[in-house]
Amino acid sequence: MKNQKLLLLYFKNIILFLFVFLLPTQFGKHFFLPFSYISGVRIDYLAPTVYVTDILTIFLVTLHSRDVLHFFKKGLFLYFVFFICLNILFSLSPLISLYRFFKIIEFLIIVAVFKKEYPTRKNLIMQAFLCGLLLQFILVITQFTVKHSLQGIWYFLGERYIHLGLPDIAKASINGAEFLRPYGTFSHPNSMAGFYLMLSLFILTNKSITNLFFKYVFLLFSACIIILSFSKATLIIFGLLLLYYFAPFSIRCRICFAAKFVTIGTIILLFMIVQTDPLSFQKRTELISDAFNIIMQFPLLGTGIGNYLHAQINFPIRYPYFFLQPVHNIFLLLIAETGIPFGLFFIGKIVIIFANTIRKSLMLLPFLAVVFTGMIDHYWFTLQQNILLLAVMSGILLSDAVLLKNGE
């Protein structure tokens, strides 16, 4: 009996480690069904996909079924399910909304698991994060150097086929010299930058991490990935949040703070001179304008979760190539897909929950990173790695709240 318990504990640790380690990856099988095409073009966002992390989630829910069921027993969840059923029923494509509903359930499962497991398996989770970071760092540096994807074994971690010759690949240039913005195993450099922005701020502000070597290595490699992504908005947000974090220390050491301010400011300015997509701002403003029009067309129940692009296609594409993306603002995207009443109610509810919880914990900066990047991009709602990281961090946040409430 004792051996069985030890084996079960060992298996739990392996699954948890693998899940966290593989969080930055996106290897999976896409199923392109009729609703996954718009104007004859396959759209990844609309294709049901089974990722390796989804399979590991099934193991997690099996191993933690009691904790997950307890989490779902809360009354608010029943109201949520009722609304989702209405949303699916009246959505532009009910099958897409049904698939997205299962992804929301997966999100909540991960929240429940990490709320329970983080206090007792903190070191294991940190080690898995570091191992995943080191692997990603190696890939990013190599992609940046050789200016194309590596494929081979990296394909099985979700690396996509990329090189400078592809028309819609993210590029950057300095004085006419063009180079690839590395993707790592992500769908886009911006998504990768946002992922490691949240994670690095979590490590930076986590006072329970007493191993300074671990912390400095993690922050150094994360910063390198963020910088090499050449995501200008993420770099600015990263710099501002770092200055906010270091500001209290200025009282004790003004010279130290001034040095950090100059260093961070110089790095940001150096990378701001790099030219990326010159039409980026124009595209984002047009998508925001379209989002408001969609919200006015579907004010009560929205387009249906996951159906934004089916409404977006009704607006003209003003570019010589096929450009169809969700609005780069998670708040507008939420309201457009769920309707004004539920969208505003949900945003307000989340703000209240997190305001009460974050105020008592050390998770302010990581979630501010989500809010700020979420105002200029959509990946926290649409891409697998970012969604699952947000779920993990939400679980850790709720875990911290329980510990603080109990005075631990």
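One is the number of the first residue shown, and numbering goes on along the chain from there.
For all residues, glycine too, the Cβ spot is worked out from N, Cα and C.
Remember, TrEMBL labels are computer predictions, not curated facts.
Quick look at what TrEMBL lists:
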TRANSMEM  7-25  transmembrane segment
TRANSMEM  45-63  transmembrane segment
TRANSMEM  75-92  transmembrane segment
TRANSMEM  126-146  transmembrane segment
TRANSMEM  186-204  transmembrane segment
TRANSMEM  216-245  transmembrane segment
DOMAIN    218-346  domain 'O-antigen ligase-related'
TRANSMEM  257-275  transmembrane segment
TRANSMEM  330-355  transmembrane segment
TRANSMEM  362-381  transmembrane segment
TRANSMEM  387-404  transmembrane segment
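Across 7-25, 45-63, 75-92, 186-204, 216-245, stretch 186-204 shows the highest tally of CB pairs under 8 A with the transmembrane segment (362-381).
With pairs at least 6 apart in sequence, the transmembrane segment (330-355) and the transmembrane segment (7-25) have fewer than 3 Cβ pairs within the 8 Å limit; the two do not touch. Only sequence-distant pairs (6 or more apart) were considered; of these, fewer than three Cβ pairs between the transmembrane segment (330-355) and the transmembrane segment (45-63) are under 8 A, so the stretches are not in contact. Long-range contacts of the transmembrane segment (186-204) within the same chain, counting only residues at least 6 positions beyond its ends with a Cβ under 8 Å from a Cβ of the stretch, are 24, 26, 44, 129, 133, 136, 140, 158, 160, 170, 215, 218-219, 222-223, 225-226, 229-231, 233-235, 237-238, 241-242, 245, 363, 365-366, 369-370, 373, 377, 379-380, 383, 385-386, 389-390, 393, 396. Below 8 angstroms of C-beta separation, residues 98, 101, 104, 108, 301-307, 310-311, 337-339, 342 of the same chain, each at least six residues beyond the ends of the transmembrane segment (75-92), sit close to that stretch. For the domain 'O-antigen ligase-related' (218-346), the model gives a mean pLDDT of 81.
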